[in-house]
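Asks: This is the structure I want to talk about, given as structure tokens.
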Amino acid sequence: MDHFLYRDGMLHAEDVPLSEIAAEVGTPCYVYSTATLTRHFRLFDEALAGMDHLVCYAMKAASNQAILKLMASLGAGMDVVSGGEYARAIAAGVPGERIVFSGVGKTREEMTAALKGGVRQFNLESEPEMEALNEVALSLGVVAPVTVRVNPDVDAKTHAKIATGKSENKFGIPIARAPEVYGRIAQLKGLKAVGIDVHIGSQLTDLEPYRLAFTKVKELTQLLRDQGHDIIRLDLGGGLGIPYDRGNSAPPLPVEYGALVKEVLGETGCEIEIEPGRLIAGNAGIMLSKVIYVKEGEGRNFLILDGAMNDLIRPAMYEAHHDIVPVVEPAPGAEQSPYDIVGPVCETGDTFAKARNMPHLGADDLVAFRSAGAYGAVMASEYNTRPLIPEVLVNGDQFAVIRSRPSYEEIINRDTIPEWM
Ligand code: LLP
């Protein structure tokens, strides 16, 4: 459920008509709902009630400072994957002890920053990284809390580009090697193993792969404890999918996911961490865009929008479906026709949807891309020198620009001309 609903013939974000935001901020832009972000965080928090747990928002999904501050105020931890994300989490007031540091290529500089600023744990992804972190920690005179991200070789049944738990993927350490790696960690004075980490992929629409992975983690927990390791925490990653195509999909709910976690891992007595990103932010945001032209092509009509692949890359990158709806509610039974919905970028790949049935729209009509709150703004670029589009946060009947659109001048001034020219 989200808070983007038609009211009085107009799509609203909470109590704000999207036409009002378009008029004030301009299009294209991203619009997020505070109520939906809050609701989604709480769904996870409540799903794990009764277990010692921490919901670490995977901020890669949407990392605007205002969103992070909101999450922090709800008690969220953060899953970060770069020095930049770590700095964002700290800037948003998230205490270090609630930040988990993931990622396959953490640099020594990033490790240093997190050890100095405070960190809950590093999720180690390789043996060279383990040795490097040990050296960094020793040089700072501290002990780094770690988990090992194990690769359980489970098929997450999702898009190949976002599956991470198969043995051929670059992520984690093969689960069979884990006992040896924990043995080595026990010898390293700069590291202290506190748990196990697993993340098998994103946009999962079936709980079975989770059951397989969690069961393997449970077995490993027992094995490592038998070997004398103190496993107190399990980080289960993120990945729960959302219904991008509302008419046709109904992925499992956080409460069902939570029940599975309890069923499989409840008896371990471990503290549970989860790292959801998409489910928290995805349906809490839309991309608002405007029709520039309706173009009649050969055997097809094009809706040419002011939003493009640089603003929302998911359709071009993953063949992802986003529902695209008119902001003015179509009359019941209004005639529909198929349109290819495209942006202005000079690439055929700049296509959001092909032969999508839409009510008849004209120049200047507004449309909303649903489910665009996660992996939308954060993956945007300025390709074709199209400025990064603004982000707007709605809360009840108020809204605020939380990242403004850069001017052409600002963009140009980021470049510098060498002296010799
Ligand atoms: N934890 C780790 C270690 C991850 O790699 C990810 C996502 C998450 C948590 C959060 O997963 P979520 O709950 O959001 O599914 N750009 C792609 C998605 C990439 C996901 C990368 N890792 C997309 O637009 O579909």
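Every residue gets a Cβ built from N, Cα and C, even glycine.
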Asks: Which one of Gly201, Gly228, Gly239, Gly333 goes with Glu275, Pro276, Gly277, Arg278, Tyr375 at the pyridoxal 5'-phosphate site, as TrEMBL has it?
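Replies: Site partner of Glu275, Pro276, Gly277, Arg278, Tyr375 for pyridoxal 5'-phosphate, according to TrEMBL: Gly239.
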Asks: May I ask which of the recorded positions Glu275, Pro276, Arg314, Cys346, Glu347 have a CB within less than 6 Å of any atom of ligand 1, listed in sequence order?
Replies: Glu275, Pro276, Arg314
Asks: Using a 10 Å cut-off on Cβ-Cβ distances across all protein chains shown, tell me which of the binding-site residues (Tyr318, Tyr375) has the largest neighbour count.
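Replies: Counting every other Cβ within 10 Å of each candidate, the maximum falls on Tyr375.
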Asks: Given the pyridoxal 5'-phosphate site residues Gly239, Glu275, Pro276, Gly277, Arg278, Tyr375, which other residues of that chain have a Cβ within 8 Å of the mean position of their Cβ atoms, reported in sequence order?
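Replies: For the pyridoxal 5'-phosphate site the neighbour list reads Ala58, Lys60, Ala61, Ser202, Gly238, Leu240, Leu279, Ile280, Ala281, Ala374.
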Asks: With Glu275 (pyridoxal 5'-phosphate binding site) as the reference Cα, tell me which of the recorded positions Lys60, Arg314, Cys346 is the closest one.
Replies: Lys60
Asks: Please identify, from the binding-site residues Gly239, Pro276, Gly277, the residue with the sparsest Cβ neighbourhood, meaning fewest other Cβ atoms within 10 angstroms.
Replies: Gly277
